[in-house]
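*Asks:* I am attaching a structure below and will ask some questions about it afterwards.
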Amino acid sequence: MEPPYSLTAHYDEFQEVKYVSRCGAGGARGASLPPGFPLGAARSATGARSGLPRWNRREVCLLSGLVFAAGLCAILAAMLALKYLGPVAAGGGACPEGCPERKAFARAARFLAANLDASIDPCQDFYSFACGGWLRRHAIPDDKLTYGTIAAIGEQNEERLRRLLARPGGGPGGAAQRKVRAFFRSCLDMREIERLGPRPMLEVIEDCGGWDLGGAEERPGVAARWDLNRLLYKAQGVYSAAALFSLTVSLDDRNSSRYVIRIDQDGLTLPERTLYLAQDEDSEKILAAYRVFMERVLSLLGADAVEQKAQEILQVEQQLANITVSEHDDLRRDVSSMYNKVTLGQLQKITPHLRWKWLLDQIFQEDFSEEEEVVLLATDYMQQVSQLIRSTPHRVLHNYLVWRVVVVLSEHLSPPFREALHELAQEMEGSDKPQELARVCLGQANRHFGMALGALFVHEHFSAASKAKVQQLVEDIKYILGQRLEELDWMDAETRAAARAKLQYMMVMVGYPDFLLKPDAVDKEYEFEVHEKTYFKNILNSIRFSIQLSVKKIRQEVDKSTWLLPPQALNAYYLPNKNQMVFPAGILQPTLYDPDFPQSLNYGGIGTIIGHELTHGYDDWGGQYDRSGNLLHWWTEASYSRFLRKAECIVRLYDNFTVYNQRVNGKHTLGENIADMGGLKLAYHAYQKWVREHGPEHPLPRLKYTHDQLFFIAFAQNWCIKRRSQSIYLQVLTDKHAPEHYRVLGSVSQFEEFGRAFHCPKDSPMNPAHKCSVW
């Protein structure tokens, strides 16, 4: 999901909404007369009754007809009032005090009001206006790097999951449910984990050949016995540790109906290549902390010559960092330029110092031909890796590969290893104390038993009714995008037709995959052994089984309805190579979505996230894929050129934002910024469509904002968040999202309807005269 922001408001400019409640005066006698009922005419008719005997028959008939017509008008007026002035579906209805709808409206009003800072002008700094109250009242918990409104939803989901795991039974049942509970208990059994100490890892290291080529010096005979490919097989094919490069089974970007082996740059421990280059004070500190971490872990494992090993391993990673292309680079955003499909025979010529057929045969348990095709996403990188292998001593390469396995698994060891990891995280991100054990174990259960845990979650915390309502909300927002495509003046007819087709074919997954309702189907996802006293072995069993499932895909038919994340995930995503949007049950929770909240808040909350993911299909990344999820340029050159010019405006806008003296990278964050802006507009216009169809909503109690204003406030309050200063450095360096503050400011300031809703003067910070717009 996403990140933080600020704003300002003159409250005397806000328009209060007046409404007549059917729960008000006269309610005890039944529904009160709706506004517009001709009371005066009724009294006149009644008062004239004494003169009736003197009227002739024609006059009486005429009067009767008028009375009948008046009655019809009254009935029609009542029906219209029920539709437009009475309670709407969002829940403001004719109900007694204390009914669920009223409670939900009151709860929503309290949440919004507590988060606001009414002293700030929304036309100056909307983020600070919308989130100032929240920022004042909340601190970052000691064991967290960030904390925000969405994180609070995560805490609620975590507590629910913990309670489900603590139960001896319950839920849909099945072997997978028993296994995830046993796994969770094994993770909590710190006494047993401490008793074992480093032994589980020492067994893994021995399986990889030990340190220093089994403890021998590099000399004739020993070097000849060493085989890089065998160790790569252990690292990648047994322990799932990316070393030198990554090997994955993925959809073929140019033919998404089949799976393909994909090879890409990888093998660094730190999250960004520039951290190895020590180009500023922050990266120097992080690199020094990483070196200390390496030495400490090596010492805990009883290795010899710890300082020398750490230095040599670090030098290998620094060499890899120097040949790695930054994710900020244009090359890494242009999939077509990266994509290089080659045969195994061709791959062998590109990187002659690796035995590819042998390596892939071992991992996939296949007998590949030299004509088997793989996709190489980093051709230049792999050529340089081959040179690095040739020029690096075997002993050093061996220790690097073993280290990559150690790093992947060290978080599952005894407290001294976990303390070393925490100290590194403390220097990198500023966390004050380690996460409590129960949270750590819940995270591991999510990672290794995601769907089993998800089956428990949706069984109790997400209904079929909620799923249907969100699906309708998605369809409303898709409809608006369809309309928007017809209105864009920069898109020609040919490109517009392809864009419409992509929208029509887009798959939408909401809540959970249907197979979770079938215990037998869930069990098949976890056919490996789990025991309460063998946590580390449980981890290894899970990793090996996951590798087995992955390698089997290479000959399987593609099922594009599969989910990348489990339903309890607090996230949403769009996959361009499937043309698929997914909104898990974990994010469809209050306060992002509540079926009893006003629709202004639902459209401003989850609606803007739905619009965000939908827009990803047409940003600088997703726009490279067609309606079937294939990497295909479906734009005309004229339309694409105009798209790039409009996108450049957004790049310049975000390039001008700074956080802690770090400049936001407008190009690196472009796709997310396009999605934020587009999502806000789509959700807003979808809400206007909803109002036209259902009538205006009742105002929230004790809040004087219109529902258009509440829509924008809800959007901003999605991103109320605090970050530790150290984590902001890494966020700007590595995150494709702009800091949350600017996600809000950048989006609302470029949307004409925001300025109109808050009556912002032209050229005020939130309503500049010149605006950027793509979708």
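Note: Cβ is positioned from N, Cα and C throughout, glycine not excepted.
Not my notes, these are from Swiss-Prot:
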- 1-59: topological domain 'Cytoplasmic' (TOPO_DOM)
- 98-775: domain 'Peptidase M13' (DOMAIN)
- Asn255: N-linked glycosylation site (CARBOHYD)
- Asn322: N-linked glycosylation site (CARBOHYD)
- Glu613: active site (ACT_SITE)
- Asn656: N-linked glycosylation site (CARBOHYD)
- Asp676: active site, proton donor (ACT_SITE)
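Locate each feature and note its surroundings.
*Replies:* For Asn255 (N-linked glycosylation site), the number of other Cβ atoms no farther than 10 Å from its own Cβ, over all displayed protein chains, is 15.
Residues near Asn322 (N-linked glycosylation site) in space but far in sequence (CB under 8 A, at least 6 apart, same chain), listed by position: Arg273, Tyr276, Leu277.
The Cβ neighbour count for Glu613 (active site), using a 10 Å radius and every protein chain shown, is 23.
For Asn656 (N-linked glycosylation site), other Cβ atoms within 10 Å of its Cβ number 11.
Residues near Asp676 (active site, proton donor) in space but far in sequence (CB under 8 A, at least 6 apart, same chain), listed by position: His612, Ala738, Arg743, Gly746, Ser747.
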*Asks:* Across the whole of the topological domain 'Cytoplasmic' (1-59), what does the mean pLDDT come to? Round it, please.
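*Replies:* PLDDT averaged over the stretch: 29.
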*Asks:* Fill in the CA-CA distance, Asn255 (N-linked glycosylation site) to Asn656 (N-linked glycosylation site), as an integer in Å.
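*Replies:* Rounded to the nearest whole number, the Cα-Cα distance is 39 Å.
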*Asks:* Return only the integer: C-alpha distance in Å from Asn656 (N-linked glycosylation site) to Glu613 (active site).
*Replies:* 25
*Asks:* Helix, strand or coil at Asn656 (N-linked glycosylation site), per DSSP?
*Replies:* coil
*Asks:* Kindly assign Asp676 (active site, proton donor) to one of the three DSSP-derived states: helix, strand or coil.
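*Replies:* Where Asp676 (active site, proton donor) sits, the three-state DSSP reduction gives helix.
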